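Per TrEMBL, the features are as follows:
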| type | residues | note |
| --- | --- | --- |
| BINDING | D13, W14, E16, N18, E27 | Ca(2+) binding site |
| TRANSMEM | 36-53 | transmembrane segment |
| TRANSMEM | 65-85 | transmembrane segment |
| BINDING | H78, H206, H210 | Zn(2+) binding site |
| TRANSMEM | 91-108 | transmembrane segment |
| TRANSMEM | 120-137 | transmembrane segment |
| TRANSMEM | 143-158 | transmembrane segment |
| TRANSMEM | 170-188 | transmembrane segment |
| TRANSMEM | 208-229 | transmembrane segment |
Amino acid sequence: MPSIFSYQSAEVDWCESNFVRSAVIAEYYNTDGTSLFSLLLLAPLNFLVLEGAACGRMELCHLKVFLLLAGLFSMYFHMTLSYVGQLLDELSILWTLAVAYSFWYPQCYFPKCIKTRRHFFWLTGITTVISTLMSFVKPTLNAYALNCIAFHLLYLTWRELKKCNDKRVHRMAAVMVMWWALAITSWISDRWLCWLWQAINFPYFHSFWHVLIAMSLLYCCPLVIYFDVSYEMPSFKPKLEYWPSDSWPVVVPYVTLEEPHKQC
């Protein structure tokens, strides 16, 4: 029986052929795609901490640590296709989502039995522990379950957009959804249409998933921070900005704070 740390001991194997370009890296392009994920996402998050006055909070630092771990564990998984790598890859995403929910889930959407953020921390922690234990039951289903959480995030975004009249916010949300739709299409294509992509010798859609989901999160994070500031710092007015300029085809979105409103 192979060790859980052994190469190709995972229950999941993506469409890309193994050990084609390297004798050490099982899925070469998927591993590179994960490294691009880190470059595309973590560097702009560092920018947010420096430039976004509303974003220099410890919560964002915690998120960056978990995103870094998610990137490293994903690289390890695609490099080895080991059982341990698969679980670390999936659980790091679960834990990252748990951190984001704990800090930024709007209090107005709390269950009626939850009265404070501290109580919500406990609820999120217990749910995460139970989900972590359940992930060992059928690891092949973990990725599908994690992707389903995106629908709840999209629903929350829709709820918030109904209360927001800022066209810039709506445009950023539309761009975020566009990148997410392309990302999930790539993920499903790699999972369900592998026979087709192998037939035409182009089995690289999972590597596209890593890059595209990073682009979606690049827009998602400022949106979450924008809504969080609206709830937690109501005396300030958050504003979405783009670096280096609105007119550039590729930009880094961030949040700034306008002057506090005068109290009547």
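Backbone N, Cα and C define each Cβ position, glycine as well.
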For Zn(2+), what surrounds H78, H206, H210 with a Cβ no more than 8 Å from their Cβ centroid? W14, E16, E27, Y29, N30, T31, G33, T34, S74, S207, W209
Minimal Cβ count within 10 Å, across the binding-site residues D13, E16, E27, points to D13
The rounded CA-CA distance in Å from W14 (Ca(2+) binding site) to H210 (Zn(2+) binding site) is 13
Return the member of H78, H206, H210 nearest to E16 (Ca(2+) binding site) in space, with distance defined Cα to Cα and candidates limited to these binding-site residues. H206
What is the separation, in Å, between the Cα atoms of E27 (Ca(2+) binding site) and H78 (Zn(2+) binding site)? 5
So for N18 (Ca(2+) binding site), how many other CB atoms are inside 10 Å of its CB? 15
Within 8 Å of the Cβ centroid of D13, W14, E16, N18, E27, the other same-chain residues by Cβ around the recorded Ca(2+) site are C15, S17, A26, N30, H78, L81, P203, H206
In the structure shown, which of the binding-site residues H78, H206, H210 has the fewest other Cβ atoms within 10 Å? H206
How many whole Å apart are the CA atoms of D13 (Ca(2+) binding site) and H206 (Zn(2+) binding site)? 11
Applying a 10 Å Cβ distance cut-off over all chains shown, what neighbour count does W14 (Ca(2+) binding site) have? 24
